[in-house]
Every structure is written in C-alpha cells, then in structure tokens.
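Undergrad: Got these off Swiss-Prot a minute ago, pasting:
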ACT_SITE  175  active site, proton acceptor
ACT_SITE  294  active site, proton acceptor
BINDING   123, 173, 177, 295, 327, 379  substrate binding site
BINDING   201, 203, 204  Mg(2+) binding site
MOD_RES   208  phosphoserine
SITE      334  site 'Transition state stabilizer'
C-alpha cells in the first residue's frame with residue numbers, strides 16, 4: 001500500500017459504491033416549512049426497489065452522485081441533501097410509485113425558476129435505474145415564493161386597467177396564423193375588436209418572418225386597436241408577441257410596444273425560456289405592460305402520464321416567473337385536458353391559498369402569500385355552443401379565446417366577434433339570474449339567437465362539431 005493510500009485510509013474515507021437508500025431514504029424525516037417538496041411518479045426498472053428508486057431521485061437531484069467522493073467530507077450532507085421521505089403505490093399501477101422528496105431551501109438561488117428546475121429535473125430524468133419519471137407537483141414554500149416578483153400586474157390590476165368587470169374576457173387568435181401581410185393582419189385585428197372582443201392575439205409562432213416583420217405588425221395592430229377603441233368606447237388590446245431569438249431583441253420589441261401605447265405583449269415562455277420570461281415580466285411591471293403567456297411546447301413535457309412533468313408544475317413555475325395570462329386548456333375543446341385536473345391548476349394560478357386535494361391532482365397545500373394571480377386562458381377548438389360550459393367551468397376570472405370560432409363565421413370576423421360577445425353576455429346574465437348553465441346552456445344560447453342573427457348563423461355552422469376523444473393524462477384511479 002502506498003503512503004498516499006495509507007493517509008486517505010487513516011482519515012476514514014472509504015471509496016466505492018453504496019446504495020442510495022442508505023443515505024437519501026429517510027422515512028422518519030419531518031418536513032420543514034422552508035423545504036421545497038416534490039411529488040415524483042417513479043417507475044423503477046425491474047429489480048430496483050421503490051425505496052432505492054426514490055432515494056436515487058433525491059440524491060441525483062441534490063447532492064448525490066453514483067459513487068462516494070472524498071469531498072463529501074468537506075460539507076454537511078445532512079444540511080444540503082434531498083430526502084425521499086415517503087413512498088406510496090399508485091392505485092391501479094403495479095410498477096408505479098409516488099416518491100415524495102424534500103429539498104432544503106439553501107440548494108436554490110433566490111428568484112430563479114431556471115435554477116430550481118435545473119436542480120430538480122435537470123439530470124435525474126435520464127437515470128438508468130428508472131424506466132420512467134414524472135414530476136407531478138411541487139410545494140413552493142413562502143420563504144422561496146417571496147424571492148420572486150411573479151406576475152407583472154395580476155388579475156385585479158388588469159381589470160382596473162381595462163375597466164372590465166363581472167364577466168370573462170373575450171379574445172381571438174388571428175388566423176391563418178402564418179402568411180398574412182402586416183396590413184391584412186391589422187385589418188383582421190380591427191374587425192374582431194370592433195365586433196366586441198376585448199383582445200386579439202398573435203399565434204405562438206408569429207415572431208418576425210419574411211412575410212410579416214415584427215415592427216410592421218406592431219404598427220398595423222396598434223392602428224387597429226386605437227380605431228376600434230374610438231368606435232366602441234371600450235379599451236382593447238392585441239397580444240403582440242415579443243418572443244425573439246435573443247433576450248435583447250425580445251426587450252427591444254417590448255420597448256417598441258410600450259412606445260406605441262398598447263396595453264399588452266406576449267411571450268412563449270417554454271420555448272423562450274424561464275430566464276427570458278422573468279426578464280420580460282420585470283420589464284412589463286416597470287413599464288405598465290400586461291403580459292400574456294403562451295405555453296407552446298408544453299405537451300412535449302406534460303402529456304404522457306408516466307414521464308415528464310405535469311402542467312400544474314409548469315403553471316406554478318409561470319406564476320413565479322411572471323405572466324398575467326397563461327393558456328390552460330379548455331376541457332371541452334380540441335386540446336387535451338381532464339376537467340378536475342384542469343380546475344386544480346386553474347385554482348393554483350388564480351387563488352392565494354390552495355388546499356391539498358388529490359381529487360384535483362393537487363399533492364400539496366400551496367400558499368402564494370402576496371404573489372398576484374394569473375388569468376387562465378381557454379383556447380383551442382371552442383365555439384359558441386361551448387360558451388355555457390366555459391363560463392361555468394372557468395368563471396369570471398378567465399379569458400376565453402375563439403380563433404376559428406370567430407374568424408370562421410360565415411359572415412366574417414366582426415359578425416363572428418358579435419356572436420361570441422352575445423353568447424357570453426347571455427350566459428353571464430342567465431348565471432346571474434340563477435339559471436344552471438350546465439343544464440340549460442344550450443337553451444340559453446338558442447334564446448339569444450332570436451335577437452342576434454350573427455349568433456344564429458354561428459350556431460348553425462358549428463352545431464355538429466365535436467372533439468370526442470378520451471383524455472390521455474387522467475387522474476389516478478379514473
């Protein structure tokens with residue numbers, strides 16, 4: 001044995017590999033109010049015990065690595081390590097388990113969603129001992145939440161800016177999403193806004209392409225906003241997509257939007273990235289701009305039930321990073337969305353305090369303390385016949401977006417907007433009168449058709465449209 005080896009042995013360092021569960025599985029651990037808690041759906045490889053799999057997740061997403069290292073002795077693992085403190089089987093799934101992991105707050109940089117995700121989900125999802133892994137939920141403690149600005153303005157400030165109360169807001173995505181010139185695009189915006197919508201929207205992939213450069217689009221949309229406001233007496237907006245290839249270019253576009261005096265800009269927060277999104281949210285708060293968030297790419301991450309990350313986690317991350325609106329599915333339209341699960345993360349977006357409720361997929365009680373709420377946006381394959389259900393499901397604090405359901409009207413954009421506004425006002429009035437939208441919804445819409453030919457035409461066009469496909473990402477036990 002060499003002198004160096006003898007020296008290392010004499011200080012008690014023992015090289016080699018040991019089971020993760022010996023260090024990182026701690027069922028006796030009592031979680032702290034300052035811990036970030038995570039619920040992982042773990043599918044171990046055959047032969048790997050769930051305790052070892054859960055401990056491996058805790059280790060590889062905090063202080064651990066595959067072998068013992070001598071530098072472990074230079075820090076306090078007991079202070080900094082993640083701990084798998086509970087494991088439970090998933091009902092109806094023999095090979096899946098929910099592993100609960102607690103992370104000490106000191107592992108994370110203040111005010112950084114980027115760092116939080118890099119730690120918790122950055123590396124462990126490719127671990128060979130796991131056949132699949134999904135992050136189902138996070139508990140963000142108030143001590144960490146308070147390090148974030150969150151949404152630039154929040155629900156109440158937005159309503160005050162727009163002077164609109166007592167009903168959902170109405171929007172429309174301009175179609176076709178790609179190919180229009182800036183002038184024709186602005187014309188479509190104007191027709192929709194003058195017809196009664198509160199907002200129109202750039203689609204997620206409208207940035208600055210050869211057929212329509214961003215500056216031209218911003219100018220023509222601003223003209224449409226001001227003209228429709230003058231005609232209707234209502235405050236209007238268009239979500240000008242500031243998403244760009246660099247953060248500097250993104251902020252430049254937001255600056256130009258502010259100079260035009262428009263009320264709101266937009267960002268694709270997953271493809272753009274959390275660092276860019278947080279920077280834009282800070283700019284929007286400092287400069288009085290509302291911020292609409294599109295979740296493009298989310299289904300790549302959240303759609304499969306056994307691997308990836310549930311959208312409720314992405315929704316919480318957005319509330320931390322900052323956004324005044326975010327797309328949240330429809331339940332009734334063309335996009336994936338279980339009703340109870342959707343209502344669960346809608347609560348997490350809007351409410352100040354949300355209790356644990358496994359029937360809605362909420363694994364932890366979440367206290368947002370003073371962080372403003374986010375308006376959920378229902379968008380994707382919806383039309384006037386969906387209005388009663390959308391009003392009943394999402395309530396007043398929401399934005400209902402009818403893209404094809406506005407521009408697909410046989411008489412044009414403005415009549416399509418009129419049809420949606422009339423249907424919404426009829427549903428809100430009926431609800432306020434005590435009528436049950438879930439039971440009487442179709443009858444309420446038919447009654448409104450008697451005094452709105454635009455709505456009658458829309459109802460005729462879309463009376464047979466259905467999107468009857470089973471939900472893939474169902475809650476456990478369904």
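A Cβ is built for glycine as well, from the same backbone N, Cα and C atoms used for every other residue.
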Undergrad: Specify the nearest of the recorded positions 201, 203, 204, 208, 294 to residue 327 (substrate binding site), where nearness means the distance between Cα atoms.
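TA: When the Cα distances are compared, 294 comes out closest.
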Undergrad: So which binding-site residues are near residue 175 (active site, proton acceptor), with CA atoms within 10 Å, out of 203, 295, 379?
TA: 203
Undergrad: Excluding near sequence neighbours, so keeping only residues 6 or more apart in the same chain, what lies with its CB under 8 A of residue 208 (phosphoserine)?
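TA: Listed in sequence order, they are 214, 215, 244.
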Undergrad: For residue 204 (Mg(2+) binding site), find which of the recorded positions 123, 177, 294, 295, 379 come within 10 Å, Cα to Cα.
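TA: Matched recorded positions: 177, 294, 295, sequence order.
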Undergrad: When the Cα of residue 203 (Mg(2+) binding site) is compared with the Cα of each of the recorded positions 177, 294, 379, which one is closest?
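TA: Nearest listed residue in space: 177.
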Undergrad: Within 10 angstroms of the C-beta of residue 295 (substrate binding site), what count of other C-beta atoms is obtained when all protein chains are considered?
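TA: I count 23 other Cβ atoms within 10 Å of it.
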Undergrad: Could you tell me the C-alpha distance between residue 295 (substrate binding site) and residue 201 (Mg(2+) binding site) in angstrom, no decimals?
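TA: Pair distance, Cα basis, whole Å: 14 Å.
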Undergrad: Below 8 Å Cβ to Cβ and six or more residues apart, same chain only. Which residues does that give for residue 173 (substrate binding site)?
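TA: The list for residue 173 (substrate binding site) reads 200, 201, 202, 203, 379, 401, 403, given in order along the sequence.
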Undergrad: Please report the number of other Cβ atoms within 10 Å of the Cβ of residue 201 (Mg(2+) binding site).
TA: 29
Undergrad: Starting from each candidate's C-beta and looking 10 angstroms out, tell me which of the active-site residues 175, 294 has the most other C-beta atoms.
TA: 294
Undergrad: To the nearest Å, how far is the Cα of residue 177 (substrate binding site) from the Cα of residue 294 (active site, proton acceptor)?
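TA: Given the Cα positions, residue 177 (substrate binding site) is 14 Å from residue 294 (active site, proton acceptor).
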Undergrad: Could you work out which of the binding-site residues (177, 327) has its C-beta surrounded by the smallest number of other C-beta atoms within 10 A?
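TA: With the binding-site residues 177, 327, fewest surrounding Cβ atoms within 10 Å: 177.
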Undergrad: Taking the Cβ of residue 204 (Mg(2+) binding site) as the centre, how many other Cβ atoms fall within a 10 Å radius?
TA: 20
Undergrad: Please classify the secondary structure at residue 204 (Mg(2+) binding site) using three-state DSSP.
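TA: Looking at the DSSP assignment, residue 204 (Mg(2+) binding site) belongs to neither helix nor strand, so coil.
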